[in-house]
Each structure stands twice: as C-alpha cells, then as structure tokens.
Amino acid sequence: MTQKADLQSVLDRAAEGGRITPEEALDLYRSAPLHALGSAADAVRRRRYAGTEHIATYIIERNINYTNVCVTACKFCAFYAPPKDTAKGWTRDLDDILRRCAETVELGGTQIMFQGGHHPDYGVEYYEKHFAAIKKDFPQLVIHSLGASEVEHMARISGVSVEEAVQRIHAAGLDSFAGAGAELLPARPRKAIAPLKESGERWLEIMETAHGLGVESTSTMLMGTGETNAERIEHLRMIRDVQDRTGGFRAFIPYTYQPENNHLKGRTQATIFEYLRMIAIARLFFDNIAHIQGSWLTTGKEIGQLSLHYGADDLGSIMLEENVVSSAGAKHRSNRQEIIDLIRSADRVPAQRTTTYEHIVVHDDPANDPVDDRVVSHISSTAIEGGTAHPELKLLNAN
Ligand code: SF4
C-alpha cells in the first residue's frame, strides 16, 4: 500500500500526464481524497483538450432492440427471454426497424445502437441483411452497435471465423462496435454474473481482431455486482494493455448495475462516490484512451453533471429509445434542452457530437438553442411490449 505522501506524488505524476501502474491506480482508487482525485483527473482532461477544454459533448442516438430472445442468460440482465419462453420473447421485423431509423433521422439523431439478445437463429446473415437495409435507406446514420459477445455468437451460429464475421458485417454497414458485453472482464466476477458469456480474455481478443480490421469500438464497465476494487482496476488494466497495441478504443464508459427484475440476489450497488472515483481513475489510468463518458442514465443527471468535473469530457447520449438498463430499474429521463442546461450548469459549453466526436453544433449562445422539444429520451421497458413507440415518435408516425 502506498503511503499518504506517496499517494500525492502519484497523483501529481498522473495529473502531469505520467503513466500510473495498476497497483498505484488501486491505491489511489481506495485511498486518495475524492476531490484530489477529481482535481487531478480534471487537469488531465484540460491538458488533453487544450483549446476545447470548455466544451462537453453529447450525442443523439436511438437504441433499436431487435429481439430479447437470448441463450446467454446473464444473471444481471432483466431484458432477455430464454428461447423456450415464447410468451415473453419477441423479435422486431425489418419494417419496424427501418421505421425507427426514419424517426431517428427526423429527430436529428445521428447514431443507431442495434442491441439485442443472442438469438439462437441469428447468424452473420441476419446482421448483414439488416445493416445493409439500414444503410441503403439511411446512409447518414452511423451504425455503432454490438460487441464481442454478439460477434462470437453470430460466428458460431454461421460456422465462420470471428475475422470473417467482423469483415462481413462491416462490409454490410456496421461502422463501429459499442463496448457491449464487457461487463467485468476478470474471470471471477464475470463468471458470477455472466457464466455463459465468453471469457474476458476472449472479449478483448475479439475487440483486438476488430481493431486490426479497421473497426474501432468503445469500452465499458458494469460496476456494482459484487466485484472488488482490485477487480475493477484489473478490468482497466486488461483494456489498457490491448489499447497499447491497437489504439482502437475511442472511449471508456463505466456505468452502474441496476438491481431490478433479474437473478442476482443481495448485490450492493456501486455508490455515487465509487462511480465518481472510477471516472477519475479512468481518466488518470487511461493515458491512451481519448474519451471518458459520464453516464446520467444509470446514475442520475446531477451525478452525470458532476462527472464532468472528475475527468469526463462527454455525457453520452440522449437516447430516443432505450429498453435494456431501464428494464433493470434505470429511471432517468431527459430531453435535449435539459442536457444542454446540465452541461452549462457544470460551466461547460455543450456541443452535439458525431460518433467519432466531431462537433456538429456548439451551443455557445442560449438564444440559439434548438427548440425541437420532441428530442426526448425514452427509457421505459414498457415501450418494448408490443413494440410501442415513444409518445412523441407516435405523433411523428401519425403524421
Ligand atoms: S446481457 Fe445480453 S447476452 Fe446477457 S442475457 Fe441480457 S441480452 Fe443476453
């Protein structure tokens, strides 16, 4: 364990951009004063974004859940239905998916997160067909979707290699992978919450393969399902090691476990302090990952706002539709003006961004704020039953 005076010197080194070891990161995570961590992380963020450090970004996207049928049965998941549960399971047809894409474009969304269960019949061909159809009708939409788990699953269903699966879905229209399925990468906590998922090493190996084939991704971490602090830092180390080789992770996005409607019992959720410490440690530890994203969906808007002072440079998305973490209890909802105001109240200038973090519009004058109040996040699990759309979107459908 690093002594108190040494902790400060490690923090100072990190704040100046020096690399810290996993052992140092663990000591800081456990023992550094919260505000000192935030201050060091903010110094790193300001240096990395010198010239635009006054800006914090957001994106408008839509999660499109194509099925909840899943053979993987993760214990933390409140979204899936096993294949034999035909009463609970559903799939969405292509016309419905394309209609949701049209609504996304209408509302100024730029990104689609195609997200669903590991359906026993969905191989590479399914994703090729759907991505090609989306790109044909909506070439302006970026398909930032799926993750290593889906790739492993679809390659197995189709009897092809992971390399071939990545190449084929990329050729069909997938632009980049979301960090889906990372959960916790170290073996013990991963087995405890997702025993049927591929190992953490395999998840990283598939992401490394994708990066090598020119398909970048983000990375995520699910906090608060019973993992230790050491396992959280080990998760970061595993990602940083791959990033040293590939440079393909654009962002790191920690988010907190939601406890409702699933099969994990007796878990203590991560506290907001643990979450803010993780945002700060991620900024200090990942000297090789550009963006650290604060999550307001699972932690609440105020904590999302605070994360901007603990090293985050981005507040993620206004999701025109989300049904996965909301099924497990995430209840926070927002619209574009609220996100703009939250960012302004954190003393930053809000900017809508693309998937690759270019600024689309910088909201530097409140008089010019967008007036379209239909851009509202919709995060109710009830939306999924029967494929009901967001009320504002229903209005669009009616027009
Ligand atoms: S988290 Fe994904 S893979 Fe796991 S059970 Fe839920 S839908 Fe299936």
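Don't overthink the numbers, they just go from 1 along the chain as shown.
Glycine too: its Cβ is placed from the backbone N, Cα and C atoms.
TrEMBL annotations:
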- 56-290: domain 'Radical SAM core' (DOMAIN)
- Cys70, Cys74, Cys77: [4Fe-4S] cluster binding site (BINDING)
- Phe76, Glu183: S-adenosyl-L-methionine binding site (BINDING)
- Ser295, Ser317: (3R)-3-methyl-D-ornithine binding site (BINDING)
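All features noted in TrEMBL, drawn onto the structure.
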residue: Cys70; record: [4Fe-4S] cluster binding site; Cβ neighbours (10 Å): 21
residue: Cys74; record: [4Fe-4S] cluster binding site; Cβ neighbours (10 Å): 24
residue: Phe76; record: S-adenosyl-L-methionine binding site; Cβ neighbours (10 Å): 22
residue: Cys77; record: [4Fe-4S] cluster binding site; Cβ neighbours (10 Å): 22
residue: Glu183; record: S-adenosyl-L-methionine binding site; Cβ neighbours (10 Å): 25
residue: Ser295; record: (3R)-3-methyl-D-ornithine binding site; Cβ neighbours (10 Å): 25
residue: Ser317; record: (3R)-3-methyl-D-ornithine binding site; Cβ neighbours (10 Å): 25
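Ligand 1 lies under 6 Å from the Cβ of none of the binding-site residues Phe76, Ser295, Ser317. Taking the C-alpha atom of Cys70 ([4Fe-4S] cluster binding site) as reference, the shortest distance to any of the binding-site residues Phe76, Glu183, Ser295, Ser317 belongs to Phe76. Taking the C-alpha atom of Cys77 ([4Fe-4S] cluster binding site) as reference, the shortest distance to any of the binding-site residues Glu183, Ser295, Ser317 belongs to Glu183.
It is 18 Å from the Cα atom of Phe76 (S-adenosyl-L-methionine binding site) to that of Ser295 ((3R)-3-methyl-D-ornithine binding site). DSSP gives Glu183 (S-adenosyl-L-methionine binding site) a coil state; it is part of no helix or strand.
Taking the C-alpha positions, the distance from Cys74 ([4Fe-4S] cluster binding site) to Ser317 ((3R)-3-methyl-D-ornithine binding site) comes to 25 Å.
In the three-state DSSP classification, Ser317 ((3R)-3-methyl-D-ornithine binding site) falls within a strand. Rounded to the nearest whole angstrom, the C-alpha distance between Ser295 ((3R)-3-methyl-D-ornithine binding site) and Glu183 (S-adenosyl-L-methionine binding site) is 15. Excluding the listed site residues Cys70, Cys74, Cys77, the same chain places Thr72, Ala73, Lys75, Phe76, Phe79, Tyr80, Gly117, His118, Ala194 with Cβ atoms within 8 Å of the centre of the [4Fe-4S] cluster site Cβ atoms. Annotated pair Ser317 ((3R)-3-methyl-D-ornithine binding site) and Glu183 (S-adenosyl-L-methionine binding site), C-alpha to C-alpha distance, rounded: 19 Å.
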